[in-house]
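According to Swiss-Prot, the protein has these features:
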- 158-256: coiled coil (COILED)
- CYS285-CYS314: disulfide bond (DISULFID)
- CYS438-CYS451: disulfide bond (DISULFID)
- 276-496: domain 'Fibrinogen C-terminal' (DOMAIN)
- ASN92: N-linked glycosylation site (CARBOHYD)
- ASN122: N-linked glycosylation site (CARBOHYD)
- ASN154: N-linked glycosylation site (CARBOHYD)
- ASN243: N-linked glycosylation site (CARBOHYD)
- ASN294: N-linked glycosylation site (CARBOHYD)
- 1-19: signal peptide (SIGNAL)
Amino acid sequence: MTVFLSFAFLAAILTHIGCSNQRRSPENGGRRYNRIQHGQCAYTFILPEHDGNCRESTTDQYNTNALQRDAPHVGPDFSSQKLQHLEHVMENYTQWLQKIENYIVENMKSEMAQIQQNAVQNHTATMLEIGTSLLSQTAEQTRKLTDVETQVLNQTSRLEIQLLENSLSTYKLEKQLLQQTNEILKIHEKNSLLEHKILEMEGKHKEEWDTLKEERENLQVLVTRQTYIIQELEKQLNRATNNNSVLQKQQLELMDTVHNLVNLCTKEVLLKGGKKEEEKPFRDCADVYQAGFNKSGIYTIYINNMPEPKKVFCNMDVNGGGWTVIQHREDGSLDFQRGWKEYKMGFGNPSGEYWLGNEFIFAITSQRQYTLRIELMDCEGNRAYSQYDRFHIGNEKQNYRLYLKCHTGTAGKQSSLILHGADFSTKDADNDNCMCKCALMLTGGWWFDACGPSNLNGMFYTAGQNHGKLNGIKWHYFKGPSYSLRSTTMMIRPLDF
């Protein structure tokens, strides 16, 4: 309020100064200007126009002013006096203005200081509140930021661990992939080599196939020719068989005569030389049996026209006993794929697998008429036999040709041995009636004829592997042409036993 009154008082003084110290400017159409110089500052006031005499209004103003002087007398030197008077008034006004200014400055200082202090206090309180709020918010945000940072660190740790695991897995996978790539490269190389070899083999096979095809055609031509020749030979054989029957009868009669003569000679020898008879008591196992030895086992016999005695196995149990074993198979421990000389003189052990020998069989069957019995057993334990009432073989010049008559038994209604005669063949002596060499193809030594329905000296096969074996121990009319038997025994006994 004090400041407002001071400004009002200042405005009144300025108005009075404007009326007292005014002048017109001829350039501005009669406007009045009042200029005041105070120190370095100059103040110019533009006063409005008045119709009346300014003196009266000035006088009225002076009447209300506490600092006024007596009006000067109007004289000839009125203008200079008036100017002096105005200057004096201006000095007074200037002093008043300075006082007012000082007063205002002093009051304004205290009031401004108070206002500033209040403003500072209010502002400080507000700032404190704001600061407190900011501190609390900052603390909360710091806590949240710490939590977020912790979560980020945890997540980062998990991601780093997972990344490490993934890196290890990737390394392992890369290592495995590299190994597999190397293996694939090796396989490709092997495949290339195999493909090259296959191509070479295909070329060779093609050449061989062409060769085989040509050979097959040649064989077909040859078979056709052989078939025709065989048919012709069969016709000749039938004619020869008819002629041979008469010869066989004559031969049998001669053999009976020879046997009778041998018996007479034997009796004469027994009567004349007792000690010598003791050294050669048995011609075969029938003599052993008749001498009172009825247990199966190995005995020594003395065969006519043989320089030394021979150990043989005598079967005293089957069908009355007295059987001389000439062949036995049971376990495959002995190889029967042998040559002509071995089959001639025999091989093996009489107590196990063995072949008596073609020369001894010929010598025995030349003494008297003999019966042949063949005991068979398959891999399932089934037994059968074939028996021939007349059996003998020719000498070596006749290739130990087989002669049989009167087949009976349980090993098939038909005989698996050739009844009309067949020569003995081995791997080094091909005497069969086939171009294929049966002894090499079917193995062993046997009376093959044209690779006929039997071969008891073939390869031995164990149970489970004995089916589909053309080169096994076979007896066609007992188990078929490709079934290999487990056990066989060939034995002979005199017909008149």
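The backbone N, Cα and C atoms fix where each Cβ goes, glycine too.
Distribution of Swiss-Prot features across the structure.
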residue: ASN92; record: N-linked glycosylation site; Cβ within 10 Å: 15
residue: ASN122; record: N-linked glycosylation site; Cβ within 10 Å: 10
residue: ASN154; record: N-linked glycosylation site; Cβ within 10 Å: 10
residue: CYS285; record: disulfide bond; Cβ within 10 Å: 29
residue: ASN294; record: N-linked glycosylation site; Cβ within 10 Å: 13
residue: CYS314; record: disulfide bond; Cβ within 10 Å: 28
residue: CYS438; record: disulfide bond; Cβ within 10 Å: 25
residue: CYS451; record: disulfide bond; Cβ within 10 Å: 19
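CYS451 (disulfide bond) falls outside any helix or strand according to DSSP and counts as coil.
In the three-state DSSP classification, CYS438 (disulfide bond) falls within a helix. ASN294 (N-linked glycosylation site) falls outside any helix or strand according to DSSP and counts as coil. Between the C-alpha atoms of CYS314 (disulfide bond) and ASN92 (N-linked glycosylation site), the distance comes to 185 Å.
Rounded to a whole value, the Cα-Cα separation of CYS438 (disulfide bond) and CYS285 (disulfide bond) is 33 Å. Cα-Cα distance from CYS451 (disulfide bond) to ASN154 (N-linked glycosylation site): 92 Å (rounded to the nearest whole number). Closest in space to ASN154 (N-linked glycosylation site), of the glycosylation sites given as ASN92, ASN122, ASN294, is ASN122, taking the CA atom of each residue. A distance of 43 Å separates the Cα atom of ASN122 (N-linked glycosylation site) from that of ASN92 (N-linked glycosylation site). According to its DSSP assignment, ASN92 (N-linked glycosylation site) is helical.
For CYS285 (disulfide bond) paired with ASN92 (N-linked glycosylation site), the C-alpha to C-alpha distance reads 190 Å. Taking CA atoms as the reference points, ASN92 (N-linked glycosylation site) and ASN294 (N-linked glycosylation site) are 189 Å apart. In the three-state DSSP scheme, CYS314 (disulfide bond) falls into the strand class.
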